[in-house]
Every structure is written in C-alpha cells, then in structure tokens.
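Listed in Swiss-Prot:
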- 52-72: transmembrane segment (TRANSMEM)
- 94-114: transmembrane segment (TRANSMEM)
- 161-181: transmembrane segment (TRANSMEM)
- 204-224: transmembrane segment (TRANSMEM)
- 236-256: transmembrane segment (TRANSMEM)
- GLU259, GLU261, ASP278, GLU281: Ca(2+) binding site (BINDING)
- 282-302: transmembrane segment (TRANSMEM)
- 325-345: transmembrane segment (TRANSMEM)
- 396-416: transmembrane segment (TRANSMEM)
- 417-437: transmembrane segment (TRANSMEM)
- 458-478: transmembrane segment (TRANSMEM)
- 486-506: transmembrane segment (TRANSMEM)
- 507-687: topological domain 'Cytoplasmic' (TOPO_DOM)
- 551-609: domain 'CBS 1' (DOMAIN)
- 626-687: domain 'CBS 2' (DOMAIN)
Amino acid sequence: MEELVGLREGSSGKPVTLQELWGPCPRIRRGIRGGLEWLKERLFRAREDWYFLVALGVLMALISYAMNFAIGRVVRAHKWLYREVGDGHLLRYLSWTVYPVALLSFSSGFSQSITPFSGGSGLPELKTMLSGVVLENYLDIKNFGAKVVGLSCTLATGSTIFLGKVGPFVHLSVMISAYLGRVRAKAVGDTESKAKEVEMLSAAAAVGVATVFAAPFSGVLFSIEVMSSHFSVWNYWRGFFAATCGAFMFRLLAVFNSEQETITSIYKTRFRVDVPFDLPEIFFFVALGFICGILSCVYLFCQRNFLRFIKTNRYTSKLLATSKPSYAALVALVLASVTYPPGVGRFMASRLSMAEHLHSLFDNNSWALMTRNASPPWPSEPDPQNLWFEWYHPRFTIFGTLAFFLIMKFWMLILATTIPMPAGYFMPIFIIGAAIGRLLGEALSVAFPEGIVAGGEVYPIMPGGYALAGAAAFSGAVTHTISTALLAFELTGQIVHALPVLMAVLAANVISQNLQPSFYDGTIMAKKLPYLPWIRGRQIGSYPVTVEHFMNSNLTTLAKDMPLEEVVKVVTSTDVSQYPLVETRESQTLVGIVERTHLVQALQTQPASWAPGQERFLQDILAGGCPTQPVTLQLSPETSLYQAHRLFELLTLQALFVTSRGRAVGSVSWVELKKAISTLINPPAPK
C-alpha cells in the first residue's frame, strides 16, 4: 500500500508523509533529521579521513589493551598453579607443560577450523596484497575473531613457547580498516577505489605496530619498510595520525587502570646520560652489528629450510594435513619440557616472562662483575627488583647461561614458527638480539673492568647499551629494516645510544641484505605466494635485458572487423581475463582493452533487431554498449627489465601489453617478469 502524502500549510509545496504531518513534535524531529544528515555529509566526505583514522587507532588500542589484560590474568593463573602444586616433580612438571599444550592445541584447532588464513604472522600475505595481488577472503571480518582468540591463547603460554603479537596485530588492524572502509562505502553509497583502500591499509599497518609497543614513529617507519617497496609521502600523515591516536590511547588505558602514573615508555632504562659510551666503543658496536648480521643469516637460512623440511617430510606433512592441533600439542610439549625450571630451564631464565627478559637484559649494571666476588642465591620466585638473579648459576656463570639461552632459543624459535597458529615472531627475535648484545657487553666489562681509559677519563662499560644495540641490530637484520633502531629508543625512552645503535643496525643489514632474503620474503617464498623478486641496484645487468627478451609473444587479440563467430571461438578457447582490442586484423593497432566478462555478457544478449543470417562483427557489439577500457600504459620492446620492474612495483600492476609503433606485439605479466629476474639473478649453467 502506498504511503499517503500531503502538503503542510505555508510550506513551499514539497510533499511530506502524513505521519510526519500528524506525528508529535514535527519540528524537533525535522531538526534532528537535518542534523544527522549534515553530520553524515560532513563525516563521509570523500577527502575527510580523520574520523576514520581516529576510530581505527582507538579501536585497536582497546583491543590490544584488552588482550594484554586477559592474557596477563591467564599467565598469572599458570604461575599460581605451578607454585601451589607443591614440591612433587611430577605434579610440577604436569602443571608446567599441560597448560601451554592445551592452550596451543586449542589456538591451532580453533583458528584453523574457522579459516586457514588466521595462522602465522600475516605480514607476508599483507605485503603481497599491497603489491597488487588479490587474496580472496583474507580480510573478511570472520577471520578477525579467529585471529583474536587464537593469538590470545598463543600469548597466554608465556615465554614457554616464546612468541609475540606484532605480525598478527598488524593483520587485525588491517582487517578492521577494511571493514570500516566497507561501512563507509555503504553509508556513502559508493564503491571505494583501489588506491584509497591501499592508502588506508598502509595506515592500518602502522597502527598495528604502534598499539603493540606504544611507538608511533617506529610503527609507521617499520610498516613502510616491511610492507611497501614504494610509499607515497602524501600518505605519511595518515599513518602518523592513526598511529599516534592508537599509541596514546594504549598508554592512556594503562594510566586509567593504575598500572602507570603517567604516560611513559614500556621498558624504562637507567643508562648514564652524561657520557653513555666512549669513542673507542664505537668499534665494538659496529662489530656487534656484523655479528648480528652473520647470525641473522644463519637463522634465516635454518628457518626457511626447516620449514621446507617440515612441509615435505612424509610424517610431519601428513600430521599437519590431518591433525594440526596434534602437531601443535606435540611441539608445545617439547618446548615446555625444555623450559621446565627445575630442569634445563634453570640455565635459560625460563621463569621470566618476555617483558621481564627485556627488563633484565637492559640492566646497565655488569652481572659478571657483580658476581665476581659474590654468589647470589637462586630465589624461590623471581625477584622483580633483581631479575638478573635468574640469569646466574654458580657453575654455569653469566656467560654460560646467556650462551645457553641463545643456543636453545635459536632452534626452539625455529621449531615454534612451524606451528599453524596465529603468532608473531618479531618480539622473540628482538629478545634474542638483546641477549647477543648482553653477552658481548658482559665480555667487554670483564675485559675492561675499570672501563675504557681515553684521555685520562674512565668510562665504565654498560652491558645494557650493548643489549639495546643487539636487539635493534638482530631484529633489523632478520626483517631487513632500519627502523628497529628507532623502535629501541621509543621502547626504552632513552636516545643516548642513538649513533652506536644506528651504526650497529646498518652494519647488520649490510650482511643480511646481501646474503639472505628477509624473514617475511622468505616466508612468501616458502608459502609460494605471488611476489616479484627484488632487483638489488643496477649493477647486475638489468638494463641490457629488454622486454622483447622475455615478453609473451603469443598474444590473442580481438579486431573490430572480426566476425562474431571467430570472436566466440576465441572466447571459448582461451581463459584470459581481458583481451587487447585492435583496429583491424591487418594493422593490429592497439586501441583498447575488452574485459572477458563484459564481452561474454554482450554476446549472450544480442539485440533482437538483428536480422537472422546477417553477418555481424565485433564492432557491432561494441557499438551496442559493450564497455571498453583505454590503454593508459604500455611497454615498448626496448624497455629495460629494470624499468618494467619499477613500473610494476610502483603502480601495483598485474600485466601490461607491449606495442611497437602502435602494433600489439606481446604482453608482460608477473609470470614473465619474475622468470626474467630469476634467470638474471641465477643464470642457468652453460651447456
């Protein structure tokens, strides 16, 4: 039944519903409706993004803090259970191992049962998406719940499994950003452009890092280095604005919950400010960077090959295919047994949480000098004021526990990365790097117990400064980033070691970037995700190689003067998504692009006015309304491989046509470009 309308007395003549005419308080309701329409118009402007970025930052800060709060309660319950079971070794062992085994198996089973995209870090897939590849259903909101629950269970295992939350939280932030983008597009009644979506996803990646560490500057820079090969400076403010909102809200919640008196850094340090290091120590910081670079190459090589072994081994591949929770439980049992405190875990500070690991490693006092004439007892519980007691053993010494910690955590982390569950891998790498730096710093403090003498002044060595540099250098070398130096400063709240830390990070990257792909690039290769290899500079001869050497010359074109019978044969015999449109079959002059879906739809709905038996051509279909796209960008056969690679990366392209004097002569897609780069980097052996 149609709604009745009428005219209000004294109105301009615009009809309104009778319900509005006779309803209570019509003027107030009209005012409220007008205000809401004005608010909608203001909020959903095409170029207004501040409200979107604020909502994204605040939401991710709330989620991050809520997860930390819940995880902290679960970890505290685990410690209470381990403490209250008594002195029986069997009960203590079961209380220590069953907890992480149950949590990890549930994390793997729950997340994988909902969606397989919820496992792992998520950063390799996001990096692939931002390069232009479409991964279906990867940003669906249903993945969000699976990722949150699975990640919470993973982190609730504590330092036993030794995993973090950076990568999965970036994935969560990007999913929220994609969902908010769809909501905004629906409210406006328009579809969001691909470029706009990429801009918002880049800002969301920065928010994910910032709300984990409360570090907006390094969050933006780290997300740019990891996720993008090219970045628009115009989009800079989005990342910084959203990351600042998220980091501020994250630390503000800690103040509201009486965890902090004011907004401060997460891992506060007490490094000497007047003279934090002497000039000769620069050499040791650079040497530490080279050591971290070499060790990062060893780690990346072992991790990538072990992951390949797990996937190809007959037994492990079958277990992963049939019962992922069983594999997760088996690995968790191994890791928990190794870290059992009365056993081997006594020599690797296994009772400390990951945050306590960093707090203790950043201590500016020399443990080796403090234990030279004293032997502190091993407390029944970790002492918050003396966490370094957990690193000391009278027979093993500080150097033994640090070295043993590095050796054990090295292979344990590699094993943990094979578990199909939501988990981050940056924080464990950061802690391992801090242990490397701490070991070198303790060795230097013993070698120079009175400090380094230069010009008559004595400056004692602070091992905590080397731990800070090692954390930034090793994590930067593994991820191929420089922003980890800034992250170390934002985490500790001190910048007194800015120059030596940055030099260590650069030295580590010199080694790792020339010998191994980054952790995320290696994962992309292991998962066989579509990606373009990186051409490192111009010195490898990418300019002499031109497009005509690797383009696909078997190009199927559609000419305007082609009969419809031949068009149908071409469409049914090929499965390409788009066809190059040429002027005539003889000239082969490229004039546009026809999408396969539009062409099939036009062929199926031929006009009824066409006389039967009359020969029709493709131009008749085009004149009837079949849409075509202009060719805005094309390659020349003389275009170099380096230039083609830069175009594909910069514009996130999937394929381009090759023309010579206007004639369509071939095409280049990711497949041809990747094969050409791989052949250039690893040329085949001469026959």
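Note that Cβ sites are derived from N, Cα and C of the backbone, with glycine treated the same way.
Values in this document were obtained by computation on a predicted structure and should not be read as measured data.
Of all the binding-site residues given, namely ASP278, GLU281, the one with the smallest number of surrounding CB atoms inside 10 A is ASP278.
Remark: secondary structure over the domain 'CBS 1' (551-609) totals 19 helix, 16 strand, 24 coil, with classes taken from DSSP.
When Cβ distances are compared across the two stretches, the transmembrane segment (325-345) makes no contact with the transmembrane segment (204-224), since fewer than 3 pairs at least 6 residues apart fall below 8 angstroms. Taking the topological domain 'Cytoplasmic' (507-687) as a whole, pLDDT averages 76 in the prediction. Below 8 A, the CB atoms of the transmembrane segment (204-224) and the transmembrane segment (52-72) form 3+ pairs separated by six or more positions in the chain. In the three-state DSSP reading, ASP278 (Ca(2+) binding site) counts as coil.
Between the transmembrane segment (417-437) and the stretches 52-72, 94-114, 161-181, 282-302, it is 161-181 that has the most C-beta pairs under 8 angstroms. When the domain 'CBS 2' (626-687) is classified with DSSP, helix, strand and coil residues number 23 helix, 16 strand, 23 coil.
Remark: the transmembrane segment (236-256) makes no contact with the transmembrane segment (94-114), by the rule of 3 or more CB pairs under 8 A. Distant neighbours of the transmembrane segment (52-72): 148, 151-152, 155-156, 165, 169, 172-173, 176-177, 180-181, 184, 200, 203-204, 207-208, 210-212, 238, 241-250, 253-254, 257; these residues of the same chain sit at least 6 beyond its ends, with a Cβ under 8 Å from one of its Cβ atoms. Listed by sequence, the residues of this chain that lie at least six past the ends of the transmembrane segment (161-181) yet keep a Cβ under 8 A from its Cβ atoms are 52, 55-56, 59-60, 63-64, 67, 100, 104, 120-123, 125-126, 139-141, 143-144, 147-148, 151, 154-155, 192, 196-197, 200-201, 203-205, 207-209, 211-213, 223, 332, 335-336, 354, 409, 412-413, 416, 422-428, 431. Only residues 6 or more beyond the boundaries of the transmembrane segment (94-114), in the same chain, are considered here, and those with a CB under 8 A from a CB of the stretch are 74, 78, 81-82, 85, 142-143, 145-147, 149-151, 153-154, 156-158, 160-161, 324-329, 331-333, 335-337, 339-341, 419-422. If one looks beyond the transmembrane segment (282-302) by at least 6 residues along the same chain, the residues whose Cβ comes under 8 Å of a Cβ in the stretch are 410-411, 414, 429, 433, 436-437, 440, 444, 466, 469-470, 473-474, 477-478, 499-501, 503-512, 515-519, 522. Within its own chain, the transmembrane segment (486-506) is flanked in space by residues 213-218, 221-222, 264-269, 271-273, 276-277, 281-282, 285-286, 288-289, 292, 358, 362, 465, 468-473, 476-477, which lie at least six positions past its ends and keep a Cβ under 8 Å from the stretch.
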